[in-house]
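Before I ask anything, here is the structure I am working with.
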């Protein structure tokens with residue numbers, strides 16, 4: 001009878017766990033699995049002790065200790081189930097004309113004008129003709145701003161070059177063949193401080209090597225030129241990673 005009750009309890013527990021797993025967030029699932037495993041182990045050990053198998057319970061407890069220690073170590077070193085450290089998973093890059101932010105989770109890119117007639121306005125508040133005028137100002141004064149703004153336009157208005165009457169394929173791209181300004185300029189350019197590198201990768205100042213590499217990999221998947229980003233943004237992220245790994 002005791003075995004039957006234990007079996008029914010386990011089945012009910014598995015059913016409830018399956019339902020929770022479908023709708024729960026990953027962090028909640030991991031936390032529930034961690035504490036649920038400990039609780040299940042305690043129940044099994046208690047049942048063995050209650051049924052007169054104390055020696056078996058002690059052997060099982062001894063075997064479980066290193067597994068529990070290894071599991072806790074795995075969670076603490078990989079950071080599974082924790083939020084992104086630092087600025088809440090947001091990377092920031094600033095040029096002469098623009099301050100851009102990239103959300104690590106959604107890949108959404110937002111921008112604010114910090115120089116010129118539209119200073120203080122968000123890019124999504126500007127009409128396409130205003131953005132193209134801003135782009136022309138950037139071309140005259142700051143190539144990095146061109147690269148960033150073109151990447152943003154490619155995401156939000158893929159046909160902006162046609163709306164510009166082909167200007168984007170010539171002037172905006174930096175010359176014949178449709179090459180982007182960011183591709184032509186290549187590297188991120190200029191010296192970078194450690195604080196700026198942390199801000200670009202969205203990391204705290206005391207980020208570990210694993211956190212730096214993971215943030216770099218995640219961001220490159222979102223801003224690589226092959227994924228709608230630009231060479232300039234990719235170069236800034238690479239520069240930030242290299243600087244943080246050197247120090």
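The chain as shown is numbered from 1 upward.
In case you wondered, yes, glycine gets a Cβ from its N, Cα and C as well.
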Can you identify, from 160-195, 196-231, the stretch that TrEMBL calls region 'Disordered'?
160-195
From the ranges 40-69, 70-99, grab the one TrEMBL calls transmembrane segment.
40-69
Where DSSP helix means H, G or I and strand means E or B, what are the helix, strand and coil counts for the domain 'J' (196-247)?
40 helix, 0 strand, 12 coil
